[in-house]
Amino acid sequence: MENSEGVKIESTVVTEEPLISALDIALFVVIITVAYFWYFKRDKQSSSSEKKPYTIQPSSLSSIEQTSNSSFIKKLKSTGRSLVVFYGSQTGTAEEFAGRIAKEGARYKMKGMVADPEECDMADLVEMKEIQKSLAIFCIATYGEGDPTDNAMDFYEWLQNGDADLEGLNYAVFGLGNKTYEHYNEIAIYIDQRLEELGATRVHEIGLGDDDANIEDDFVSWKEKLWESVCSHYGIEETGEESNIRQYKLVDCSEVLPERIFSGEISRLKSYENQRFPFDVKNPYLSKIAVNRELHKSGDRSCMHIEFDIDGSKMRYDTGDHVAVYPKNSSELVDKIGELLNADLDAVFSLLNTDEESSKKHPFPCPCTYRTALTYYLDITSNPRTHIMKELIEYASDPKDQEKLKLMASSTPEGKKEFHEWILRDNRNIVHILEDLPSVKPDLDHLCELLPRLQCRYYSISSSPKVYPKSIHITAVLVNYTTPTNRVNKGVATNLLAQLIPTNDELPQPTIPIYIRRSQFRLPPKSQTPIIMVGPGTGLAPFRGFIQERDYARKEGREIGEMVLYFGCRKKDEDFIYENELQEYVANGTLTKLHLAFSRDQPEKKYVTHLLEQNADELWNIIGEKSGHLYVCGDARSMAKDVHSIIVKVVMEKGQMTNSQALNYVKKMEQQKRYSADVWS
């Protein structure tokens, strides 16, 4: 409207003032149009950048080559394949599972390929029937509040809005979820049902993996039965060939110029030296640590208040967002792997995909040194999955070590028990395995292929951009614990952050790569709306930002609604974080009520849930009579579930409803974003 009106005004001026020609007007329109599209395209890229999946493309390929040929059907036909495994992955697990299925297809004479739905034209699914004995498998994760992963979003929306005829498509679905969350495997269940509605044939029943228990066990059990169903459906038999075929081949890069070698960058070479906006999952911002201070007053635990400097970065965040931090593994563990395998960690190498049709040419940025790969790109601290046990068998020279690995890689009850006890219960990582099975000496390049990617860590932002526009605050507990084998395991990100202490202005400040992930955890649009916040421990983090924002509004003279906070910790004199700040907000009226539960300051443990039960009238007054908002942040496994049960009970009693009516009422609150949770397990 404004631009077109401006053009009309200029046109009127032309008729009165011949000094401005028609060419001037045309140039003006072109400039305005270009500026308009440039601005909004940039803004769109900035706001959705975190929704793009992580892929590493070879540096020798042009962008046109990278994005061309989105038809997976053409690739299947041209390479004689009949199996395609799509993945919807946020942390890499679904992608890993997809790769394992595609690899096993060869045992059933079904040559497979792995595909990212975001890089494919999913409308081509209607053409799968043209390929004899074809099968599409979907490994789909659900995250957040029942959301698709970023790379599966377009496919999910295509299924929702389209009505393609998928008759002749044979499919199977495996979901990755967590039972501690309300929307357990919601996306996978929807995709499984929707494909059937559109005429596709389900070859095997959906598998539901629970990451709160043992998702590896769930996947392996489902996969075994899947192949039984596939053999029955297509009338085929297993070839019996069991071979560990490498997905990547080793390339010696000792002659590569130093300036072409990756040294920890996530995607673009030298991206930390030449920072370019916008910053996202593939292009994080190298932020200085402005503040790093201890929040606990005493005790043997540590909780850090850390402030990331984003001044000059053009990064913007909203109260309630998350910040992603890219960690690196400790040099001690990295050196240990080099020592155990007698390997030169400073040798420069590359891993190149043996499948020329794959869009993923390397498992991580290549070329690089083994030290760089083990430090920045590979997860060496988590519990390895069973397929790694299987791949390590050939490298064991001691028959006892071989038998132990074979047992843990098997799907027998004895094998599952051994894997659960020796790997999961005893909390062994790859370093521990190599230490405890000394005859196992895998080739380091193969180990780098097998290990999963090191993932960024997400933290709730504990500040408001209204008050701190040039910095991002987080509240993080230092993770250190002793395993049953008397080893000390350390949190990768928090232990790195603990070492990044700002110095005086004369010295370079410590830095770490970060980017902002948008959240739906938001304050009500109106500052007058009353809210209740439940956040024990570091669950207080986003509410610190909420309170800051409301306090800012109050100081501007705007009316703010009631703010009630439920906070709990172990001991008042030990781990009551941000105590002085909270008391000040109570004193100035921003925080209406502060309910405190110190679980270990009295003989009987006292938690925030006990206080919620005691304050049923206050709860109903705000969420029922005043249509206020309720927020929960913290542990999903017990605390968040208990809060939900208490809220349903309060709605029943105070709202005079039946159990089903109360459940529907709470469900409606969630749909209206009046009941929001930012939880983790």
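One is the number of the first residue shown, and numbering goes on along the chain from there.
Keep in mind that glycine also has a Cβ here, set from the backbone N, Cα and C atoms.
Keep in mind that TrEMBL annotations are predicted by a computer and have not been checked by a curator.
The following features are taken from TrEMBL:
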{"type": "BINDING", "residues": "89-94, 141-144, 176-185, Asp211", "note": "FMN binding site"}
{"type": "BINDING", "residues": "Arg301, Thr538, Ser599, Arg600, Lys605, Lys606, Tyr607, Val608, Thr609, Asp642", "note": "NADP(+) binding site"}
{"type": "BINDING", "residues": "Arg457, Tyr458, Tyr459, Ser460, Thr475, Ala476, Val477, Tyr481, Gly491, Val492, Ala493, Thr494, Trp680", "note": "FAD binding site"}
{"type": "DOMAIN", "residues": "83-227", "note": "domain 'Flavodoxin-like'"}
{"type": "DOMAIN", "residues": "282-524", "note": "domain 'FAD-binding FR-type'"}
{"type": "TRANSMEM", "residues": "20-39", "note": "transmembrane segment"}
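Cβ packing within 10 Å was compared across the binding-site residues Ser599, Thr609, and the lowest neighbour count falls to Ser599.
Neighbour counts were taken as the number of other C-beta atoms within 10 angstroms of each residue's C-beta; across the binding-site residues Ala141, Val477, Ala493, the minimum falls on Val477.
With DSSP classes pooled into helix, strand and coil, the tally for the domain 'Flavodoxin-like' (83-227) is 65 helix, 35 strand, 45 coil.
Confidence in the domain 'FAD-binding FR-type' (282-524), given as mean pLDDT, stands at 96. A gap of 28 Å separates the Cα atoms of Gly491 (FAD binding site) and Lys605 (NADP(+) binding site).
In this structure the C-alpha atoms belonging to Lys605 (NADP(+) binding site) and Thr475 (FAD binding site) are separated by 24 Å. Comparing Cα positions, Val477 (FAD binding site) lies closest to Arg301 out of the binding-site residues Gly144, Arg301, Ser599. In this structure, the C-alpha atom of Ser89 (FMN binding site) lies 15 angstrom from that of Arg457 (FAD binding site). Taking Gly92, Ala141, Gly144, Tyr181, Tyr184 as the binding-site residues under consideration, the smallest Cα distance to Thr475 (FAD binding site) is found for Gly144. When Cβ atoms from all protein chains are considered, those within 10 Å of Asn178 (FMN binding site) total 21, not counting its own.
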